[in-house]
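Presented below is the structure to which this report refers.
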Amino acid sequence: MQDQYILALDQGTTSSRAMLFDRLGNIVSTAQKEFQQIYPRPGWVEHDPQEIWSTQAGVAAEAVTRAGMNGTSIAAIGITNQRETTIVWDRETGHPIYNAIVWQDRRTADFCDQLKEQGLEEKVRAKTGLPIDSYFSATKIRWILDNVEGAREKAKQGRLAFGTVDSWLVWNFTKGGLHITDVTNASRTMLFNIHSLKWDDELLEALDIPRSMLPEVRASSETYGPTKTTVFASKIPLAGIAGDQHAALFGQMCTESGMVKNTYGTGCFLVMNTGDKPIESKNNLVTTIAWQIGDQINYALEGSIFIGGAVVQWLRDGLGIIRNAAEIETLARSVPHCDGVYLVPAFAGLGAPHWNARARGTLFGVTRGTSSAHIARAALDSIAYQSVDVLKAMEADSGIRIGELRVDGGACANNLLMQFQADILGVDAVRPKVSETTALGAAYLAGLAVGYWKDVDELQSQWKLDRRFTPALPHAEVKACLDGWKRAIRAAKAWADTP
């Protein structure tokens with residue numbers, strides 16, 4: 001396998017990306033293309049599935065060409081993707097019968113309430129690890145079957161195929177030869193039993209979704225089959241699939257029970273590897289499958305924060321306090337601390353572990369001495385505080401004391417935020433050299449399947465440290481900071497609950 005590389009396809013919510021990795025896990029070339037966001041009604045979010053495919057195929061070819069290579073240089077392809085986003089297509093034509101309904105879409109919220117009223121919540125959580133929510137794929141499939149003309153009849157005839165974005169890409173890369181998904185994506189549908197590792201007939205019946213629509217569920221790292229498209233002249237093994245947060249956990253090499261990563265993006269996604277047994281959360285976290293390699297399954301606890309880096313965008317676009325995101329660190333550093341100011345950025349409610357949809361953004365502790373720098377500091381602090389709330393819930397659920405926090409995503413470049421995160425969590429925040437951990441995770445899963453890398457131990461040895469942030473704030477100050485945050489959260493909830 002001299003001079004061969006792994007191609008990782010990272011199909012995200014706003015863009016399709018492709019990256020070529022070498023044997024040491026270094027990025028050799030990249031390509032990226034944004035695509036259209038479709039908002040037919042308030043609360044509805046859609047993508048054009050054909051555009052998802054065309055942009056992803058385009059950047060795959062571009063990344064390889066940019067590196068001066070062709071398909072013969074690629075040992076395998078790994079796919080990682082935005083999760084839960086739902087596509088239904090006609091098996092005979094290969095054409096979608098409706099746009100992709102995106103994970104953010106809330107059109108099925110009322111239907112989810114009906115399912116809860118029927119008493120299904122406990123059963124769904126016990127089987128799938130998930131709460132009943134429009135976030136997940138199941139109710140989106142049901143909406144398409146109920147609202148697209150002729151869909152129900154075609155489904156009964158076995159003509160319709162459902163897939164998350166990974167399934168759609170594999171279907172197109174193999175010209176309809178493979179209709180598959182992996183366990184991580186299946187575990188986000190609200191239809192997959194994470195204990196038996198099978199589609200759940202009882203849930204399919206409750207939601208009136210024909211089993212014939214569903215893809216075959218495979219491991220996250222195995223050779224599924226070769227590409228058959230004209231994107232590449234030669235056939236390349238498709239060999240790794242994982243949802244974006246699962247791939248990031250693997251790319252961060254959080255392969256042991258109790259290891260945790262936090263991706264600081266627009267929101268924050270915190271995931272803890274819990275080993276070979278699923279842990280049912282008592283603290284409003286989601287239980288999910290981390291990945292499957294061979295027969296080995298790893299489970300995870302996950303907590304999502306709605307507003308992470310988005311709070312910095314609000315300071316820029318909403319308040320005009322900063323001109324660009326990079327300025328926030330300089331402004332926030334100009335004061336020694338937030339001076340008692342707390343920002344609860346519940347612009348769209350509060351996510352894990354609070355799950356309060358009615359809460360709204362609130363600013364506390366403001367005096368005549370409060371400056372834009374204090375507000376900037378409070379905004380950065382809020383990202384760290386929300387992360388601590390989730391991490392403490394993970395510790396409570398798992399009974400595992402977190403040893404360190406591995407960090408990635410755009411906002412982890414902010415040294416002030418990372419230091420404060422370490423301070424109030426009381427453990428090191430560790431930033432890797434390769435920041436593209438999601439794509440790297442997909443590459444690793446594919447490379448393992450084809451023997452490009454020998455085993456996980458070899459991958460562990462590749463993980464390189466950029467910077468370690470060690471707690472430095474005295475315990476009394478940490479306690480005072482956290483007590484103030486808890487008061488702010490209580491007050492924000494009280495504001496939401498007061499008529």
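Each Cβ is built from the backbone N, Cα and C atoms, and glycine gets one as well.
Lifted from Swiss-Prot, the feature list:
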- Thr13, Arg83, Glu84, Tyr135, Asp244: sn-glycerol 3-phosphate binding site (BINDING)
- Thr13, Arg17, Thr266, Gly309, Gly410, Asn414: ADP binding site (BINDING)
- Thr13, Thr14, Ser15, Thr266, Gly309, Gln313, Gly410: ATP binding site (BINDING)
- Arg83, Glu84, Tyr135, Asp244, Gln245: glycerol binding site (BINDING)
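Features as recorded by Swiss-Prot, highlighted on the structure.
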residue	record	Cβ within 10 Å
Ser15	ATP binding site	14
Arg83	sn-glycerol 3-phosphate binding site	24
Glu84	sn-glycerol 3-phosphate binding site	25
Tyr135	sn-glycerol 3-phosphate binding site	22
Asp244	sn-glycerol 3-phosphate binding site	26
Gln245	glycerol binding site	23
Gly309	ADP binding site	21
Gln313	ATP binding site	13
Gly410	ADP binding site	15
Asn414	ADP binding site	21
DSSP secondary structure for Asp244 (sn-glycerol 3-phosphate binding site), reduced to helix/strand/coil, please. helix
Show which residues of the chain containing Thr266 (ADP binding site), separated from it by at least 6 in sequence, have their CB under 8 Å from its CB. Ile307, Gly308, Gly309, Ala310, Gln313
Need the DSSP three-state call for Arg17 (ADP binding site) to compare against my parser. strand
Using an 8 Å cut-off from the Cβ centroid of Thr13, Arg83, Glu84, Tyr135, Asp244, can you name the remaining same-chain residues around the sn-glycerol 3-phosphate site, in sequence order? Gln82, Thr85, Val102, Trp103, Arg188, Gly243
Under DSSP, is Arg83 (sn-glycerol 3-phosphate binding site) helix, strand or coil? coil
Where does Gln313 (ATP binding site) sit in DSSP terms: helix, strand, or coil? helix
If we count other C-beta atoms within 10 Å, could you say which of the binding-site residues Thr13, Thr14 has the fewest? Thr14
Distant-in-sequence Cβ neighbours of Arg17 (ADP binding site), under 8 Å, six or more positions away: Leu9, Asp10, Gln11, Thr30, Ala31, Gln32, Lys33, Val59, Ala439
Calculate the distance in Å between the alpha carbons (Cα) of Arg83 (sn-glycerol 3-phosphate binding site) and Thr14 (ATP binding site), and round it to a whole number. 13
Quick note, Asn414 (ADP binding site) and Tyr135 (sn-glycerol 3-phosphate binding site): C-alpha atoms separated, nearest Å, by 30
Around the glycerol site formed by Arg83, Glu84, Tyr135, Asp244, Gln245, which additional residues qualify by having Cβ within 8 Å of the site's Cβ center? Gln82, Thr85, Trp103, Arg188, Gly243
Quick one: what's DSSP say for Gly410 (ADP binding site), helix, strand or coil? helix
Provide, as an integer number of angstrom, the distance between the C-alpha atoms of Gly410 (ADP binding site) and Glu84 (sn-glycerol 3-phosphate binding site). 22
